[in-house]
Amino acid sequence: MPLFDLKSPYSLAGDQPQAIDTLTKSLKNKNHYQTLVGVTGSGKTYTMANIIAQTNKPTLIMSHNKTLCAQLYSEFKAFFPHNRVEYFISHFDYYQPESYIPRRDLFIEKDSSINDDLERLRLSATTSLLGYDDVIVIASVSANYGLGNPEEYLKVMEKIKVGEKRAYKSFLLKLVEMGYSRNEVVFDRGSFRAMGECVDIFPAYNDAEFIRIEFFGDEIERIAVFDALERNEIKRLDSVMLYAASQFAVGSERLNLAIKSIEDELALRLKFFKEQDKILEYNRLKQRTEHDLEMISATGVCKGIENYARHFTGKAPNETPFCLFDYLGIFEREFLVIVDESHVSLPQFGGMYAGDMSRKSVLVEYGFRLPSALDNRPLKFDEFIHKNCQFLFVSATPNKLELELSKKNVAEQIIRPTGLLDPKFEVRDSDKQVQDLFDEIKLVVARDERVLITTLTKKMAEELCKYYAEWGLKVRYMHSEIDAIERNHIIRSLRLKEFDVLIGINLLREGLDLPEVSLVAIMDADKEGFLRSETSLIQTMGRAARNANGKVLLYAKKITQSMQKAFETTTYRRAKQEEFNKLHNITPKTVTRALEEELKLRDDETKIAKALKKDKIPKSEREKIIKELDKKMRECAKNLDFEEAMHLRDEIAKLRTL
């Protein structure tokens, strides 16, 4: 029986059928690695969705940045509305890890800010994986970081049935063991409240509903689900499965074992420092660890508890830590890992371990942490790539690693469903590049189309932006310090024609879906390096591939080896695309992508502004507006539009003060 129910208005076209067939056969033949080489705009995401539906396995889709993760999450939610599509990225809005700089004798405390919505989504992902098979998780590099033992997590979860005998007080203690906190005043995620013989539990992985358990003596009489906002009963249940409020929650037996294990390690390390006559390190470690042990004994947690993860999970020193992969593979279940934009993602994954180890080794050496803190780490690249699962690498420009691992299990997806060709390209002398490009931009703007320009340095980007603005062009500059929300706003403004030209350095490559862009200009294309490598050039040139008038200008004094290889790849693909179009009588059409959904949120904003301008709003009307806005705020948070959710939250606060 199929696990996944794929819904889409699209039909397969171009190279999609053969790519899906090739890769699905490879996966069903139990091959460990396979690669999809798909050009920009060829519908790789839809191909991935079809492969998931046909292979019928829980799937982890990994990407190298949060922006692309959010985009993939939105697309897969639409493709699989009846399945569990989850989102797993870092839950920190801000994170400064603890560190020590010996030459300055400077210890920097850990400082972080946890995003409540992202934490909920992470918990939702792990609970779905433990309870269901029809799960697709969209994840960032966070999937490689340590989590609690999934088997311990299963032990802590609790199935509650109507009619079963349970001591009321022991049930409350069980909730505390599961990581829930009792709070009679502020009832929100991860908390519970007890009123008479009723216990309300707000699951940590759900912000829309809470569960009410009604007792009659020591017997559970009724279980009901309530709407968290309206506080009205939605449905009654015969039983309910309640999961822990934390991915690090453990039972009392495991907790006691962990405390004993930490004490034993502390004794050994203190003995080492004493023998080395390192009194400062001895006292520092003793004081810090004993304080943490007191907190763990009293509350089950402490600040920086992740540094003791090995003791809670039962892992041996240097053993591979538990991570999201272990939740996918629970019960020896087969699963698929899709690495999107693998040419960037895999190198990023490879560099994580070394940086983490360098910082923590200093903390251990100087007595700030026990040696077991080194085992709270991301996966080493070898551990990641040799996980007991199947991998599908997806990229327009895969590296040698992906192709060597995949051997013959490689599928090309060069033909676009729209018939669009890889863009024409032209090399021009860089001596007069600013004036020459200005003339080209005017022609593009006259056609109501947009331009992307990539430079090598921040200074050149700023100066170019200044020059073109003075010459009358509507131009913006996007630099590396701009966060994801502002970046999305700039891209949206470009699509809405609030300006015509966007200049950047390394922000114009992967994942930018801009059908309005018909001209991409690459300044100083002959300066060999990361930003002008074969892969970077092909990715950048691909930004013009969603428009029928797509064209790339490369300004250079010579043609480098990277340029030559990029030209050969583009020429090969374009020839194959032209041949397919001619054979099937296809006329290339510019991709169209609606902005209606993005604009809808702005309509809500306008309504709020009008409401706030009123000097007097009747109390009944004000409560109605607040309730409506609160509902929209929750919807925005669910859809990962946190900017809009925060805006709505602030406006609700203003209304409550009227």
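From the backbone N, Cα and C atoms, a Cβ is placed for every residue, glycine too.
Taken from Swiss-Prot as is:
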- GLY38, VAL39, THR40, GLY41, SER42, GLY43, LYS44, THR45: ATP binding site (BINDING)
- 25-178: domain 'Helicase ATP-binding' (DOMAIN)
- 433-607: domain 'Helicase C-terminal' (DOMAIN)
- 623-658: domain 'UVR' (DOMAIN)
- 91-114: motif 'Beta-hairpin' (MOTIF)
Worksheet item: Among the binding-site residues THR40, SER42, THR45, which residue has the largest number of other Cβ atoms within 10 Å of its own Cβ?
Response: SER42
Worksheet item: Counting across all protein chains shown, how many other Cβ atoms sit within 10 Å of the Cβ of VAL39 (ATP binding site)?
Response: 28
Worksheet entry | Neighbours of GLY38, VAL39, THR40, GLY41, SER42, GLY43, LYS44, THR45 excl. site residues, C-beta within 8 Å of centre, ATP | THR47, ALA396, GLN413, ARG416
Response to the item:
Outside the motif 'Beta-hairpin' (91-114), at least 6 residues beyond either end, the same-chain residues with a Cβ under 8 Å of its Cβ set are 122, 303-304, 359, 362-363, 366, 368
Discussion item. Test of understanding: give the count of other CB atoms lying within 10 angstroms of the CB of GLY43 (ATP binding site).
Written reply: 23
Worksheet item: Tally of helix, strand and coil residues over the motif 'Beta-hairpin' (91-114) according to DSSP?
Response: 3 helix, 15 strand, 6 coil
Worksheet item: Three states by DSSP: which one describes GLY38 (ATP binding site)?
Response: strand
Worksheet, complete the sentence: The number of other Cβ atoms within 10 Å of the Cβ of GLY38 (ATP binding site), counted over all protein chains shown, is 24
Worksheet, complete the sentence: Ordered by sequence, the long-range same-chain Cβ contacts of LYS44 (ATP binding site) under 8 Å (at least 6 apart) are LEU36, GLY38, VAL394, GLN413
Practice prompt. Look up LYS44 (ATP binding site) in the DSSP assignment and report helix, strand or coil.
Written response: helix
Worksheet entry | Residues that sit under 8 angstroms from GLY41 (ATP binding site) by C-beta distance, when 6+ apart in the chain | ARG416, THR418, LEU420, GLY542, ALA545, ARG546, VAL591
